[in-house]
Amino acid sequence: MGLSLVLSCGVIAGISGFLFGYDSGIMTTTIAQEQFLQQFKPKESMVGTIVAIMQAGGFFGCLTAGKLSDLWGRRKAIMFGCVFVVVGGALQAAAYHTAMLLIGRLVTGFGVGSLTMTVPVYQAEISPPRWRGTIVGCQQLMLAIGSAIANWTGYGCSFVNSSFQWRMPLALQAVPGIVLFFGSYFLPESPRWLVEHDALDAALHVVQRLYPDKQNLDSAYAEFQEIVEQIKQEKAQASERSYLQIFRRKAWRKRLFLGAGIWLMLNLTGINVINYYLTQFFTSLGYKGRRAIFLSGVYGSVGAATTFLALFFVHRLSRKTPLMMANISQTATLIVMAGLTAASELGKSGQMGGVAMIFLFFVIYCSTWGPLSWVYASEIFPTQIRSKGYSMASAVNCEWRFYFLFVATNFISALVLLFLYPETSGKSLEAIDLLFDDHQTIHRSTLEENEVRRTSESVNAKH
């Protein structure tokens with residue numbers, strides 16, 4: 001019991017992170033497999049769609065899970081997400097045309113998005129304060145392990161000269177979903193959710209089981225009382241806990257902004273672009289075919305090892321400073337990487353330097369932004385809105401929504417053109433000058449009137 005139980009729960013629930021890492025990573029190698037390319041013959045735009053559509057499903061999965069997690073409890077919400085992961089994996093593995101593959105990716109994305117929202121909240125709510133960073137950080141560790149296994153699975157299957165080359169890796173997506181579904185039966189429910197639903201005796205029992213040893217039972221009871229009082233106070237302050245209410249209350253709005261901001265800044269580091277198109281990056285550096293897939297496997301393994309080591313220190317570190325230092329370090333590596341890839345001809349040393357920068361970037365990410373983003377975003381919301389707030393914040397972690405950035409910029413551009421830009425079609429250059437209120441410009445009508453007047457005076461003088 002105690003710490004061993006907390007760690008076990010963190011790891012079992014963290015299988016959702018494994019799913020996220022595997023499902024994201026497996027397409028990195030799959031889109032480079034010869035048999036996959038022969039089967040679907042995708043154009044470059046379709047490759048992007050196959051990769052990104054999982055994130056579209058994840059967006060809606062995140063939003064849906066917030067409400068379900070409040071209604072059903074964290075455990076049942078986890079099981080709900082697993083069902084979609086298993087069904088989606090089966091559809092992808094059995095796909096014989098692009099539409100079926102896309103539907104499978106969408107369904108899997110919905111399940112992964114649901115789990116991405118629910119599990120970190122669950123991990124944060126069952127963790128003693130001292131160990132919260134480590135327990136929630138298990139999500140990133142499992143994600144890194146899943147990504148590494150996906151890369152090595154793709155590399156191993158690349159030696160098979162049949163559709164098994166890509167069907168088997170996609171089918172394996174369902175396995176961790178099945179394991180997590182049945183493993184959820186053995187997870188204790190979140191004590192905070194139990195208190196929220198007036199199951200006080202059950203909540204106290206869970207808190208006592210989760211504390212490190214019997215000598216801390218008094219501390220466990222004290223934390224239980226703190227949970228009860230906090231939730232009672234939250235209920236008294238605001239009976240309504242809808243999504244709309246989160247935007248109405250200033251304090252909740254700030255938490256949502258900070259939670260979403262963490263995920264937005266994480267994506268703006270560039271990590272997801274590098275991860276999804278890793279084999280293409282290696283190809284551009286001169287490592288093609290199976291060599292690129294092999295390097296992807298090494299890349300994933302380095303990430304898993306780095307994250308594992310980081311978990312021993314994450315509960316002792318502050319949150320903000322490591323993230324800021326990581327941004328500065330990643331900036332430097334990206335500048336060097338850009339310089340190397342911009343070179344018209346890369347020698348052996350240039351190729352190795354580019355690969356080294358990609359690996360260094362990933363090590364920095366896995367030791368800072370990787371684990372700390374999950375921790376910070378899951379712990380800043382109060383119990384009353386934790387699932388809903390985190391669901392909206394984590395929806396920002398679904399990369400497809402960056403298309404909305406271009407939706408917004410296109411719409412704003414249309415408004416700017418409508419209200420600020422004058423029409424120039426069919427006008428002389430001098431008339432266009434007048435549109436900008438240039439007082440030195442003489443309007444054509446004025447010129448014409450003066451010309452008519454001079455002509456008239458000239459005619460009259462002759463007569």
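Every residue gets a Cβ built from N, Cα and C, even glycine.
Source: prediction; values computed, not measured.
Annotated transmembrane segment per Swiss-Prot: 5-27, 46-66, 83-103, 106-126, 141-161, 168-188, 256-276, 293-313, 323-343, 355-375, 402-422, in sequence order, evidence recorded as sequence analysis.
The transmembrane segment (323-343) shares the most Cβ pairs under 8 Å with 256-276, out of the stretches 83-103, 106-126, 141-161, 256-276, 293-313. Counting C-beta pairs under 8 angstroms (sequence separation of 6 or more), the transmembrane segment (355-375) reaches the transmembrane segment (256-276) with 3 or more such pairs.
Long-range contacts of the transmembrane segment (168-188) within the same chain: residues 5, 9, 12-13, 15-16, 18-19, 22-23, 26, 29-30, 75, 78-79, 82-83, 85-86, 88-90, 92-93, 95, 104, 108, 111, 115, 122, 126, 146, 150, 153-154, 157, 160, 206, 209-210, each at least 6 residues beyond the stretch ends and with a Cβ under 8 Å from a Cβ of the stretch. Take the transmembrane segment (46-66) and the stretches 5-27, 83-103, 256-276, 293-313: counting Cβ pairs under 8 Å, 83-103 has the most. Across 5-27, 83-103, 293-313, the stretch most heavily in contact with the transmembrane segment (256-276), judged by Cβ pairs under 8 Å, is 5-27. Within the chain, the transmembrane segment (106-126) has long-range Cβ neighbours (under 8 A, six or more residues past its boundaries) at 6, 9-10, 13-14, 16-17, 19-20, 23, 53-62, 64-66, 68-69, 74-75, 77-78, 80-89, 91-92, 132, 135-136, 138-139, 173, 177, 180, 187-188, 190-193, 206, 210, 374-375, 377-379, 383, 386-387, 390-391, 394-395, 397-398.
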